Amino acid sequence: MADADLDKQVNTAGAWPIATGGYYSQHNSPLAQINKSNVKNVKAAWSFSTGVLNGHEGAPLVIGDMMYVHSAFPNNTYALNLNDPGKIVWQHKPKQDASTKAVMCCDVVDRGLAYGAGQIVKKQANGHLLALDAKTGKINWEVEVCDPKVGSTLTQAPFVAKDTVLMGCSGAELGVRGAVNAFDLKTGELKWRAFATGSDDSVRLAKDFNSANPHYGQFGLGTKTWEGDAWKIGGGTNWGWYAYDPKLNLFYYGSGNPAPWNETMRPGDNKWTMTIWGRDLDTGMAKWGYQKTPHDEWDFAGVNQMVLTDQPVNGKMTPLLSHIDRNGILYTLNRENGNLIVAEKVDPAVNVFKKVDLKTGTPVRDPEFATRMDHKGTNICPSAMGFHNQGVDSYDPESRTLYAGLNHICMDWEPFMLPYRAGQFFVGATLAMYPGPNGPTKKEMGQIRAFDLTTGKAKWTKWEKFAAWGGTLYTKGGLVWYATLDGYLKALDNKDGKELWNFKMPSGGIGSPMTYSFKGKQYIGSMYGVGGWPGVGLVFDLTDPSAGLGAVGAFRELQNHTQMGGGLMVFSL
C-alpha cells in the first residue's frame, strides 16, 4: 500500500523528504536558482546548533514548511518552522544509558531521519526505533530492534517505502549477525526479518534466487561457506543506505563485513556478507544477491549507497544499479536480475584486486596484499576505511555522471587471534593508515571524482587534504556541493571540478549537503560536527597511531584545522 503523502513529497522539487534525496538514491535536485554564474553571491542565511558534539553525519529533512534536524548521540530530534527557523516547534531528547557509546564503532554518529504517513521515523543508538507525529513530536509507537548488550546498536537512517520502514543494526566489529528488519509504518509491528547469514529461510531466499546468475551461488551457502557455527557471530550488518524501485517493488542495500576481521578465524566465502541485495519490499524475499568480496579480509563493509538509474545497454533502456564499494570498485548491475555490467577500479592505487572477472563476478586477488596470519600486509590499498565509505554521492541524469566523495588512504595490517565475547570488540587486527600514493603532494587523502556511469571511467578529479567522507550533492544549476573534514562547504563546476565557492563552517563536515526551496528561494543545508571514523582521534583525544582502528595516525593533523561542534548551516543567495 503506497504512502501517498511520501510519494507527493518525493515528487515535490523543493522538498527533501528522504535522506538520500529520493527512492532512487540519486541525491540530486532540479533546483537551479543557485548556479555557476551567481554562486559567488551565496551567503550564510541562518544556523542551528544541536547542542551536541561528536560526528554529525547525514542531512536534515524538509517537508512543507518544516525542517527536521537530528544530532549525534543521544540522538536528539528538532522540528523547526522555516517561517521562523530560530524557534524550535518541538524537540525529542531521549534518555539513554551512556554505556551504549562504548560498543559503538567509530564514533557515536547518527545518519538521519525518515518521513512517512505524517510521521518522523527515528532511531536511537540503544536499539529503539520510534515514530513521532511530525506536527507535535508525540510518540506514536516505539519498538526495540537490536540489543547493545551484545554490541548491536543503531546508526542508520531509517528508510520508508509504501507502508514499510526498513532498519538495520550496526555491530559487525563485535560479532553481531546482520539483518534487515521491516516494520509496519503505522503500528511498528515487525513484518519480516532477513539475515545475512544462516539458513535459506532465515536469509529469505526466493525459490528463483539468482536464477539469472547461478554462478553467484544459490542455496545452502549461508551456512556451508562457514566453519561450524561461525555464521552465528559472522557479522554482515547493514548500517548504510537503501534504494527502492517502485515499478519492480524491489529494494536494494548492502550487507557488511564478516566478523572477525582476522580472516584466518573464518575460512570460506562467508556468504552472504559483502553482498548487494535485491529484495521484494513486501515479503523480504531475495530475488538476487551478488557477493562483491567473498571471504573479505580487509573490512570492506559493502553497505555504501546504491544509486538507481535507467540507461541504455546494448541499445535497450535498462534498469541499473551503481555502487562504489569500499573495496575500490565501481559496480554497475542490472537491478532487475543482478547481471554484472561494469566493474572498474575507482583509482589506479587499488591493489588488493587485479580486476573483477565480469563473467563470474569474482575479484582476482593479488596475494601480496592479503592479510593472512603468516603475512604482515603492507601498502594495502584501499585501507579498511575503503576508497568510499558512508558518504552519499550524487548523480546527474543529463550527463549520466556520478559525483563521488572518495578516501585515498592505504594501510598496513597485522592480524592476531582473539576469542569471541558478547558485547566486546571482535576484530583481531592492528592497522596503520596513511595517504595513498597518487595525490599531487603524496599527502592528500580525499578526492571528489566524476565518473561516467556508462563506462565507469573517471572524467575529472578534485583533490582534498582529508578524506571526502560525507559525499556530494548535485543541483541542476551545474554545481557539485560537499563538506570537508576540515570544515569547508564547497561548490564545484560539474563540468571540470573547478572550485567556485567555499565557506568555513564552525566544525568539520562529515554529512551530506541537501537543498530545498521555501517561498521561491533555494537554500543549501549542511550539517557540521567533526567526528566519525576519521575524527575519532580528535573527538576522544587519542594519540596512539593505531588507535581508532588505525584512524588516529592517518588523521593526526585534523586537530590543527578544526575542533568539535554540532549543528546545521543554511545558505542562500
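Including glycine, each Cβ sits where the backbone N, Cα and C put it.
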Cys410 has a disulfide partner in Swiss-Prot; which of Cys169, Cys381 is it?
Cys381
Swiss-Prot pairs Cys169 with one of Cys106, Cys146 in a disulfide bond, so which one is it?
Cys146
Report the nearest neighbour of Asp299 (active site, proton acceptor) in space among the recorded positions Cys106, Cys146, Glu173, comparing Cα positions.
Glu173
Taking Cα atoms as reference points, rank the disulfide-bonded residues Cys106, Cys146, Cys410 by distance from Glu173 (Ca(2+) binding site) and give the first.
Cys106
Nearest-integer angstrom distance between the alpha carbons (Cα) of Cys169 (disulfide bond) and Cys106 (disulfide bond):
14
Tertiary neighbours of Cys146 (disulfide bond) (same chain, Cβ under 8 Å, six or more apart):
Gly127, Ser152, Thr153, Leu154, Cys169, Gly171, Val176
Measuring CA to CA, name the entry from the recorded positions Asn257, Cys381, Cys410 that ends up nearest Cys106 (disulfide bond).
Asn257
How many whole Å apart are the CA atoms of Cys381 (disulfide bond) and Asn257 (Ca(2+) binding site)?
17
Only counting partners 6 or more residues apart, tell me which same-chain residues put their Cβ under 8 Å from the Cβ of Asn257 (Ca(2+) binding site).
Ala172, Gly235, Gly236, Thr273, Met274, Asp296, Asp299, Phe300, Ala301, Gly302
